[in-house]
Amino acid sequence: MELVRRLMPLTLLILSCLAELTMAEAEGNASCTVSLGGANMAETHKAMILQLNPSENCTWTIERPENKSIRIIFSYVQLDPDGSCESENIKVFDGTSSNGPLLGQVCSKNDYVPVFESSSSTLTFQIVTDSARIQRTVFVFYYFFSPNISIPNCGGYLDTLEGSFTSPNYPKPHPELAYCVWHIQVEKDYKIKLNFKEIFLEIDKQCKFDFLAIYDGPSTNSGLIGQVCGRVTPTFESSSNSLTVVLSTDYANSYRGFSASYTSIYAENINTTSLTCSSDRMRVIISKSYLEAFNSNGNNLQLKDPTCRPKLSNVVEFSVPLNGCGTIRKVEDQSITYTNIITFSASSTSEVITRQKQLQIIVKCEMGHNSTVEIIYITEDDVIQSQNALGKYNTSMALFESNSFEKTILESPYYVDLNQTLFVQVSLHTSDPNLVVFLDTCRASPTSDFASPTYDLIKSGCSRDETCKVYPLFGHYGRFQFNAFKFLRSMSSVYLQCKVLICDSSDHQSRCNQGCVSRSKRDISSYKWKTDSIIGPIRLKRDRSASGNSGFQHETHAEETPNQPFNSVHLFSFMVLALNVVTVATITVRHFVNQRADYKYQKLQNY
């Protein structure tokens, strides 16, 4: 009885601990101690399905002892549809804790596939749920990647009225761990019709693994039209003149990928005729209702070159190249103009007289100051109508890997070593072969608005930096190189801006052919065709590594919260339970030993 009396308090304590653990399990709080990979150098990716419970608050940190970035994708998110973004969400932070910069937030109201990228080798995400008792499922997939390594043909910019593109390696298996973004943008007043000729991606009901995401606008924040995978051939139509397509793949089951094409559909209703000028063509839109007065549906309309035919849809559309279809190019008073004529004459039973209206549409594009001026003349029985509009030159600037200017660098931001040679090219996108690009001024700035401070690399066509080399005139391309530098006062980014002149290549007296000219001699005010391009940011590699953690990265862990069933209180309970078991066992053994003391071994006396 004495033994029972002594053991009773310990027994009650053990039962109390067990009851506490049983109650915690009955409440259904999910464990936040999911083991995320990353500390192991051999592990480059991880996927997991999280089954979340009410009143959850969990935080995970992904780390890797290597200078790589992390891309995390939430390809399937099922949260409380009635919950607010404040009470139930997923937050992603750049760094080792939730105190780092917020990369973004995910909730049930989001209309996109959430994808986030860290600036260094650490990333943290936190999941908070409300008290509603519903099913919640989140598929999380992340992997480590090097921003300075790109996959060929993975994404790009498409700006023609029609075109096609495919997944990398198509029709061979697509690459693993790929994230490709294609931006499609056509001229104003058009919509985009996207048609997938083939899609062969991993089949999954929720498209969690390999998928295509189509967005109705210029970015992945524009609104999701569809997320597809498997073996389907869907068609999508934008509501504006831009569309974004994303391909995301995981680490297994690579198939053929996809093949897609797109066309443009004129979206606006017009009463007569409109004209749009770009760097390589004139685009004329004629209303079919306007042509009804001529008993025509557009089939009898033609340019100066009758072999150039219009495209017939809900409107009649002419795409007139600046160097074809009979377009006349003229240089006068430091100005370049392009002119063509659209004519129509109804068939007549007599070769002498006609009682039908005659139609002649004169279209003219004039290159102006940092823009193109569009003029259209319509003559109908000696009545002339005119319309004016404004556009801009189509120029772009890019970095290249070498002085061969063959392989473009697509990373942004682009991380470089101090004093590394950078190769820059400004391109004029036009079909006119008789134009040449001249680099007038190029400068650098630590900010994208080019406020103070700025640093001149090229001015008046002359190199202002000892490492800067300007290449000779080369058609539609202006090229130069310089060595990477950093602005003082810890400004990590560098942006480049170039102002260029566009000249007639046959004019040997043009400013472009004069090369480097001192300020007192230069005069470009009369030049109407000039424009500028911007690229950036460029950052030093040491700035990138400094933003991450130094030293050995510890194992990925979960922060402890009050809602975790295996928090410090429960851990302490387990320790008490184990200690009590050991104590009970010790007392029991000692009790039985004391009861049989006569069988003890005794030390023999020495003789």
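Backbone N, Cα and C atoms are what each Cβ position is placed from, and that goes for glycine too.
Since we're looking at a predicted model, the values are computed, not measured.
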(Q) I want to verify the bond table. Which candidate from CYS85, CYS154 sits on the other end of the disulfide that Swiss-Prot records for CYS107? (A) CYS85
Q | N-linked glycosylation site per Swiss-Prot (candidates: ASN29, ASN148) | A | ASN29
Q | Listed as N-linked glycosylation site by Swiss-Prot, one of ASN67, ASN271 | A | ASN67
Q | Local confidence of the prediction over the domain 'CUB 2' (154-265), expressed as mean pLDDT | A | 92
Q) CA-CA, which of the disulfide-bonded residues CYS154, CYS180, CYS207 lies nearest CYS85 (disulfide bond)? A) CYS207
Q) So for CYS107 (disulfide bond), how many other CB atoms are inside 10 Å of its CB? A) 19
Q. Do any residues at least six apart in sequence from CYS442 (disulfide bond), in the same chain, have a Cβ closer than 8 Å to its Cβ, and if so which, in order?
A. VAL424, ASP456, LEU457, ILE458, PHE480, LEU496, GLN497, CYS498, LYS499
Q. Sequence gap of 6 or more, C-beta under 8 Å: which same-chain residues meet both conditions with respect to CYS229 (disulfide bond)?
A. ILE199, LEU201, GLU202, ILE203, ASP204, CYS207, PHE209, ASP210, PHE211, LEU212
Q.
On a C-alpha basis, identify the one among CYS58, CYS154, CYS180 that is nearest to CYS107 (disulfide bond); the candidates are the disulfide-bonded residues.
A. CYS58
**Q.** Tally of residues which DSSP labels helix, strand or coil - the domain 'CUB 1' (25-146)
**A.** 3 helix, 55 strand, 64 coil
Q) From the Cα of CYS58 (disulfide bond) across to the Cα of CYS180 (disulfide bond), what is the distance in angstrom? A) 31
